[in-house]
């Protein structure tokens, strides 16, 4: 593990100290929801409250994307009647919300996390499995082997 | 097989030039250097899928009997339009071909969508993620020699659900997710792998699949009805049904009679099996179950636990139907057409360095998979064999804990879980599919064991699993299989 890590460091010459992963929270079923527990590695970097707020907003956005209600039924019925060909032309509600989420994460990174040397990765790039938080180190410290 | 062994004995031979020389690791690089050729993610996809149209179309590696399905539908509908429609338009109404045409369009579109879309494949964990999970598992216990069982328990809707660790994808599977051994992917809300459609049926394409079988049952019933009406009307006009089929050669040449008979036979058998299948899936939709869960009896209390109720059900038929069929369409998580990022391509190189060069439509196979392919191709006579026998090494050099043979056992296990479905008239098609798997799994598992034993590179020696097809229950057969083989280490 350490070997791979250092190989990657050499490859990128990036100052990535470590990556923290926030896993999914399946207590509410299969809906997309991430744990809001504050990871200990971020203790020194960011405010606990702030982080939990970010995660909560993220969870709310995903809940909105997956919400089963009048609008989604309408979309579903319309799609069914057109033999789902409507998906080829129209952007689904989920995709619209995903764009919103991408914007939100970018905004959070710019405002809060980047100044602290952190970077949140959009979960969709990790298959909605985890929220990857990259912790950057100072460039003066290199972890070569 | 020779290829496989040679490469295992001499791992240095593996560090062959990649097909794309520009993907060499660049120690000094770090940032965007111009690549001569950028790869799309589908080209480096680790599962056993085939991609067409530059990643827009995804199918399972074996198309199964999809050509047969398409052929049957086309032939039957064609015969209907050619032989029955003219007569019925004349004698009944012009709406007959219109309805037939509409149903056929629905069937065709939903079939193509089921076959060509991503069923809900979960991309595999990145090496760092996998390492992080390993760390968590290790820290959580087990000082014994035997590795921990790798399950996580979660409470969903007051129901305890066990999340299993997928050794191939290196992550804990979300609830209702299952690993398809044929496609070598974890699929969300995995229903089953349908050979008729040539793809897995999962979260994203279940609604297409359901539309397909429902419209197909309407179509076959409609055609059957039309053919029967046609013959009945003809018989009325003449002297009985046999006369209708045996009219003077000038009007009814032999081929026409034969084709009508063929049409009748196909429709008759299709109607019952497809109607049955539609009925079964309607039941599943109404109770928010998957075929996988139903067969395993996860929520019906078969495993002896009391109070096992389906935690995903909304306890209302209408809500269940709406959420399954009309819920929001989830996006594809594998991003087939995305470009491989710099970081990702470097990671891919780490993987590639362990294996021989990837073919264009990539499959990172373990050797046992390669031998399974050999067996599959022997039965299907479709895939080329030796190139696919790639050496077994773990994807991630960091994670050497699990034996490389595990994924093959997952496959074997997967086969096992399919073999003992209760015979049920309504599940004819899947039973057929299960029997197909049964014969394959028996051969493959015994041969797999033999191959492993003969291979010096493996540390594991296996005894061939006894009568895999006769396991009494497959609920957790996978898990048990895995644990058994872990114990043999």
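Quick reminder: no glycine exception, Cβ is built from N, Cα and C everywhere.
TrEMBL annotations:
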type: REGION; residues: B:16-36; note: region 'Disordered'
type: TRANSMEM; residues: B:65-83; note: transmembrane segment
type: TRANSMEM; residues: B:89-112; note: transmembrane segment
type: DOMAIN; residues: B:162-296; note: domain 'Palmitoyltransferase DHHC'
type: TRANSMEM; residues: B:208-233; note: transmembrane segment
type: TRANSMEM; residues: B:258-280; note: transmembrane segment
type: REGION; residues: B:410-489; note: region 'Disordered'
type: COMPBIAS; residues: B:428-445; note: compositional bias 'Basic residues'
type: COMPBIAS; residues: B:449-464; note: compositional bias 'Polar residues'
Are there residues at least 6 beyond the ends of the transmembrane segment (B:89-112) whose Cβ is under 8 Å from a Cβ of it, and what are they? 69-70, 73, 77, 80-81, 197, 208-209, 211-212, 215-216, 218-219, 222-223, 226, 229, 233
Can you work out the mean pLDDT of the predicted model over the domain 'Palmitoyltransferase DHHC' (B:162-296)? 85
Using DSSP, what's the helix, strand and coil tally for the domain 'Palmitoyltransferase DHHC' (B:162-296)? 76 helix, 19 strand, 40 coil
